[in-house]
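Q: This structure is in structure tokens; I'll ask about it shortly.
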Amino acid sequence: MKPINIALDGPAAAGKSTIAKRVAAKLSMIYVDTGAMYRAITYKYLQLNKTEDFSSLVQSSVLSLTYDEEKGQRVILDNQDVTDYLRENDVTNHVSYVASKEPVRTFAVEKQQELAEKKGIVMDGRDIGTVVLPEAELKVYMIASVEERAIRRQKDNELRGIQSNVEQLKQEISDRDQYDMNREISPLKKAEDAITIDTTGMSIEDVTNEILNLVSKF
Ligand code: C5P
């Protein structure tokens, strides 16, 4: 198989990261979770008492990704491993706002494009097929019903010892999608040449196999 990049986009909690990790492992490719980069900047934004100076926020930031055999992708911000803070509610509730700001997007997209230069990357996000890697060999747009996404998120939370309410999760997921789809810069949308997979009712295994099957055509 010749080296390729895979762009995996879709709304919140559609299972992109779970699938991207598996596809990357099966194909010995590198998985890049771009949401984690926006989350890291959001973590710093909160630490700086919600600064509105987004240019200074990113100019003062040194952000890199490292890979741990056991724990997978780690996000290093200003010499600190911040990965374990990135799923906190406060970060989740502010990330779409921070990610809508132009300096933040320019900063993150540049890093993402650098990472993908050598190919062999499975990258998940919202604008990978449309903006970050418009030349990606394979583009997948993953969707699922909001009901199912909320239930999956609740199960994930349970595994992490966090109790959550499905109705509230449905609301939060829908709000985040609306914000991401309607922002001015690089809104969440399907690239024209992306293949849509509706994962509602599908197992992780089935979705992974469907993507591996698409890759096998290269
Ligand atoms: O994928 P995840 O849920 O971690 O993404 C968090 C948020 O980061 C998204 O809701 C979106 O606002 C933003 N994001 C983005 N572009 C990406 C990846 C994430 O705007 N490529």
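Positions of Cβ are set from backbone N, Cα and C atoms, glycine also.
Automatic prediction, not curation, is the source of TrEMBL annotations.
So TrEMBL has the following annotated:
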- 6-216: domain 'Cytidylate kinase' (DOMAIN)
- Gly10, Pro11, Ala12, Ala13, Ala14, Gly15, Lys16, Ser17, Thr18: ATP binding site (BINDING)
Q: Quick one: which residues besides Gly10, Pro11, Ala12, Ala13, Ala14, Gly15, Lys16, Ser17, Thr18 have a Cβ within 8 Å of the ATP site's Cβ centroid, in sequence order?
A: Asp124, Met142, Ala144, Arg149
Q: What mean pLDDT score does the domain 'Cytidylate kinase' (6-216) have in the model?
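A: That region's mean pLDDT is 96.
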Q: So of Ala12, Ala14, Lys16, Thr18, which of the binding-site residues has the fewest other Cβ atoms within 10 Å around its own Cβ?
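A: Each of the binding-site residues Ala12, Ala14, Lys16, Thr18 was scored; lowest Cβ tally within 10 Å is Thr18.
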Q: With every protein chain in view, what's the tally of Cβ atoms within 10 Å of the Cβ of Gly10 (ATP binding site), excluding that atom itself?
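A: There are 28 of them.
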Q: For ligand 1, which among the binding-site residues Gly10, Ala14, Thr18 have a CB under 6 Å from it?
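A: Result: none.
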Q: With DSSP assignments reduced to helix, strand and coil, which class does Ala12 (ATP binding site) get?
A: coil
Q: What does DSSP call Thr18 (ATP binding site) in the simple three-state scheme?
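A: DSSP call for Thr18 (ATP binding site): helix.
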